[in-house]
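Visitor: Before I ask anything, let me first share the structure, which is written out below as structure tokens.
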Amino acid sequence: MAEFHFFCIDAHTCGNPVRVVTGGSIPFLQGNSMSEKRQHFLREFDWIRKGLMFEPRGHDMMSGSILYPPTDPANDAGVLFIETSGCLPMCGHGTIGTVTVAIEQNLIRPKTPGVLNLEVPAGLVRAEYQQEGKKVTSVKITNIKSYLAAEKLTVDCPDLGLLTVDVAYGGNFYAIVDPQPNFPGLEHYKAEQLIGWARVMRERMNEQYTFVHPENPTINGLSHILWTGKPIAETSTARNAVFYGDKAIDRSPCGTGTSARMAQWYAQGRLKPGETFVHESIIGSIFNGRIEAETELANQPAIVPSIEGWARIHGYNHLILDEEDPYVFGFQVI
């Protein structure tokens, strides 16, 4: 029976976990892009994600990344995102945490000091980081093109009734639930209620509607529900609680969710290029967002968003997936 060893550095980005896999039994992935490599990972190696993210080695909110060499030598690295919800096309909080870990631990030598160009399954992202001594104090990501995919869709939600939502893409597809007669705002509910409702809503929306990236059909399906509400701090623009996986609410403001919400606000005329979008999480942590440019995606209006936040390292792991362990591939209790 085989054992597979993985060397990981654990961090959190504004409260949400990031487990960066730095070495060990990292599989070779075929493909000319991180999108193609993601497909290979999903076909043959998703057991690694489950083993490292699910219990007993992980938990309901666990999220992480695996570092790879870039497919284009002009870039600094490739990143594959793994979490309880799947192998994601893009993860904003994960990128901030990965960059922090990579720079502080000397895992990547940047071609340009202060900048990392990262290949991710959703495309190419640029990360600019600030340092004080050996510490990375902030990371700003210029994300992939984001857009409002659908407006005023309806879905029946348990307990709440019929809800109207917009769906936007910021690296993943998000159903955005704004305050309305049947939902006055996230501040009126407990996290466990939002989680239970969101799980049913996501299933129903994927049954009722189809969501496919216009240029990359491997990016498809609604994966996240973004509940909105009144900010805690007067300096915040907006607040959200993002549901992912089967039992998780993002403790960070969610990078791809922030990108999706800025795309929604842009389409509604509520946010203009250059304006700051201070996005607050369920625990009050902050991402500073901004529209860097207006653009198009498959002839649809879109934006190039940026998100800035911080991360901290808090541990080192040598994790073992032992085939003699009945829970080698993890489990969830739902």
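Counting begins at 1 with the first residue displayed.
Even glycines carry a Cβ here, placed using N, Cα and C.
Keep in mind that this is a model prediction, so the values were computed, not measured.
The active site, proton acceptor annotation in Swiss-Prot covers CYS91. Swiss-Prot lists CYS254 with the feature active site, proton donor, giving similarity to another entry as the kind of evidence. The feature substrate binding site is assigned by Swiss-Prot to GLY92, HIS93, HIS224, ASP250, GLY255, THR256, with similarity to another entry given as support.
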Visitor: Determine, using Cα-Cα distances only, which of these recorded positions is closest to CYS91 (active site, proton acceptor): HIS224, ASP250, CYS254, THR256.
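Guide: Nearest candidate: THR256.
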Visitor: Does HIS224 (substrate binding site) have same-chain partners at least 6 apart in sequence with Cβ under 8 Å from its own Cβ, and which are they?
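Guide: Counting only residues 6 or more apart in sequence, the Cβ neighbours of HIS224 (substrate binding site) under 8 Å are SER85, ASN172, PHE173, TYR174, ALA175, ARG202, VAL242, PHE243, TYR244, CYS254, THR256, GLY257.
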Visitor: Look at each of the active-site residues, CYS91, CYS254, and point out the one with the fewest other Cβ atoms around it within 10 Å.
Guide: CYS91
Visitor: If the substrate site is taken as the center of the Cβ atoms of GLY92, HIS93, HIS224, ASP250, GLY255, THR256, which further residues of that chain fall within 8 Å of it by their Cβ?
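Guide: My list of surrounding residues reads CYS91, GLY94, GLY170, GLY171, ASN172, VAL242, SER252, PRO253, CYS254, GLY257, THR258, SER259.
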Visitor: Are there residues of the same chain, six or more positions away from HIS93 (substrate binding site), whose CB falls under 8 angstroms from its CB, and which are they?
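Guide: Sequence-distant Cβ neighbours: THR13, CYS14, ASN16, VAL18, SER63, ASP250, SER252, CYS254, GLY255, GLY309, ALA311.
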Visitor: Among GLY92, HIS93, HIS224, ASP250, GLY255, THR256, recorded substrate binders, what is the largest CA to CA distance in Å?
Guide: 14
Visitor: Far apart in sequence but close in space: which same-chain residues, 6 or more away, have a Cβ under 8 Å from GLY92 (substrate binding site)?
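Guide: Same-chain residues close to GLY92 (substrate binding site) (Cβ under 8 Å, separated by 6 or more) are ILE141, ASN143, GLY170, GLY171, CYS254, GLY255, THR256, GLY257, THR258, SER259, PHE287, ILE307.
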